[in-house]
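S.K.: I'd like to ask you about the structure that follows.
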Amino acid sequence: LQILAKGELQVSDKERHTQLEQMFRDIATIVADKCVNPETKRPYTVILIERAMKDIHYSVKPNKSTKQQALEVIRQLKETMQIERAHMRLRFILPAKEGKKLKEKLKPLIKVTESEDFQEQLEIVCLIDPGCFREIDELIRSETKGKGSLEVLSLKDVEEGDEKLE
């Protein structure tokens, strides 16, 4: 009973190595999924991200979640290569009276405004950095007291298709 309560499971070297390799691949997959090349707006391949992670000598931490580590890897890769989180496309629908005041508060958080429509209410379609999403969501909820709405149109704005060579 004491062994079951306080004992530890022995993990072989091969098992541990396989587990770390799997986490390394998972982290690279998350990074490739969330990031794009800022110049072309095209996603990076998992193999390219894995190679870049090896170049910066990234070591996997088995006790941290893969998502936390992926965000850490993105920060480290920014120093050595052109990589950026893919922007989220959002639509805000705000009541007219709060619209103008709230628009000024949202301006610094918005990367690109795609369209703006102001009739009986303010409707903005824009691109934001995914890190600002929670802040924007809370701002809209608190300022409009539940009257404004925030809709996610796409989680990542990327260019698809073949590259044209001249």
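A Cβ is built for glycine as well, from the same backbone N, Cα and C atoms used for every other residue.
Those TrEMBL annotations? Automatic predictions, nothing curated.
From TrEMBL, here are the annotated features:
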type: DOMAIN; residues: 25-86; note: domain 'Ribosome maturation protein SDO1/SBDS central'
type: DOMAIN; residues: 88-155; note: domain 'Ribosome maturation protein SDO1/SBDS C-terminal'
S.K.: Across the domain 'Ribosome maturation protein SDO1/SBDS central' (25-86), what is the average pLDDT of the model, as a whole number?
M.R.: 88
S.K.: Would you list the DSSP helix, strand and coil counts for the residues of the domain 'Ribosome maturation protein SDO1/SBDS central' (25-86)?
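M.R.: The breakdown for the domain 'Ribosome maturation protein SDO1/SBDS central' (25-86) reads 35 helix, 5 strand, 22 coil.
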